[in-house]
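**Student:** Heads up, here are the entries from TrEMBL:
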type: DOMAIN; residues: 23-288; note: domain 'NADH:quinone oxidoreductase/Mrp antiporter transmembrane'
type: DOMAIN; residues: 290-344; note: domain 'NADH dehydrogenase subunit 2 C-terminal'
type: TRANSMEM; residues: 26-47; note: transmembrane segment
type: TRANSMEM; residues: 59-76; note: transmembrane segment
type: TRANSMEM; residues: 152-171; note: transmembrane segment
type: TRANSMEM; residues: 178-196; note: transmembrane segment
type: TRANSMEM; residues: 202-221; note: transmembrane segment
type: TRANSMEM; residues: 233-254; note: transmembrane segment
type: TRANSMEM; residues: 274-294; note: transmembrane segment
type: TRANSMEM; residues: 324-344; note: transmembrane segment
Amino acid sequence: MSPTVLIIIISSLATGTIITMTSHHWLMAWIGLEMNTLAIIPIISTMHNPRSTEAATKYFLTQAAASAMILFSSMINAWQTGTWDITNLSYNPAHTLLTMALAMKLGLAPMHFWLPEVLQGSTLTTALIITTWQKLAPMALIYMTLNNLSTMTLILLGLLSSIIGGWGGLNQTQTRKIMAFSSIAHLGWMITIASIMPNILILNLMIYMIMTTALFSSLILSKSKTIQDTTATWTLSPTLTIMMMTLLLSLGGLPPLTGFMPKWLILEELVTQNLFPTATIMAMSALLSLFFYMRLTYTTTLTLSPNTAQTKFKWRFKPNRTTLFMGASSTVSIFLLPLTPLILQ
């Protein structure tokens, strides 16, 4: 892809999300989502193989269906209430339709089937964009319409997503599919707390994006597409193996790492609201996710690759790409827990 085309596509991707996040009118939000979808399609299919074409087609069909549902829900709301304002979504069938559409856009269970398939068909860099930047616009719409959405529906979607996200990742050997199920589980945590404490939703989204970016940057640098590939990471950089280990444990939500903060705050808030069964199920589902993070940690740091490395001194060579961004995001992903009181103020 030529640099000019790439710049146009990336700027369209960014503009689409920003339009959706800053709009008050449903049609403008819909236009932003459409721009966003149309910009990512060429990025997914840039590899020109059947798998990436299939991934692009699946992504387009699900996102187009979800966008159509959003447009339909806003139209029937405007028909009933006479307003196109995003925050004034008071007609019951309209907000039920919107919840389902946004769940499909985000990849929440039970509308999650497209996400692992699309990620598996795209490159690691594209998978990073889909699991981070592409979540911002639908999350912004959820945040703006929270007062009108059904709390029970959101909690049920969140519970189902966190369980399926943990369960689905147990049997995977591809790192992109593992990250897809990890994304589903994390989104489940966010949606559960969304209508109870929106501030924690924003905090969780930010931390999730930083942690996912850091881990994907590590996978891109080490070219790890399967679990078996991670066993050869030490030849590239012994430091990177330690960073990946702590990043994976942070994603799993173990203290004293950053990933523990959102889980701790969400469980605390659920218990405060007397939602003990919900909190228990969420905590148990976190153990499912933790298992496949631990498995990746084990292969990365505690096992040697079955095939001999081309050279024992590979780690002495300079990396092909800059590691500044990866280093910064990894540091934040590991050491942010002590700042929790400061962030909550």
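One-based numbering along the chain as shown.
Glycine residues also receive a Cβ, built from the backbone N, Cα and C atoms like all the rest.
A TrEMBL annotation is a machine prediction, not a hand-curated record.
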**Student:** Hey, would you say the transmembrane segment (178-196) packs against the transmembrane segment (274-294), going by three or more CB pairs under 8 A that are 6+ residues apart?
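**Tutor:** Taking Cβ pairs at least 6 residues apart, the transmembrane segment (274-294) and the transmembrane segment (178-196) are in contact, with 3 or more under 8 Å.
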**Student:** Near the transmembrane segment (152-171), which same-chain residues lie under 8 Å Cβ to Cβ, leaving out any that are not at least 6 residues past its ends?
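**Tutor:** Long-range Cβ neighbours of the transmembrane segment (152-171): 96, 99, 103, 108-110, 112, 116, 177-178, 181-195, 275, 278, 281-282, 285-289, 291-292.
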**Student:** Per-residue pLDDT averaged over the domain 'NADH dehydrogenase subunit 2 C-terminal' (290-344) comes to what?
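**Tutor:** That region's mean pLDDT is 82.
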**Student:** Let me spell it out: take the transmembrane segment (26-47), skip the flanking residues so only those 6+ beyond its ends count, and list any with a Cβ under 8 Å from a Cβ in it.
**Tutor:** 1, 5, 9-10, 12-13, 15-20, 53, 55-56, 59-60, 63-64, 67, 70-71, 74, 77-78, 84-86, 105, 118, 121-123, 126, 129-130, 134, 137-138, 141
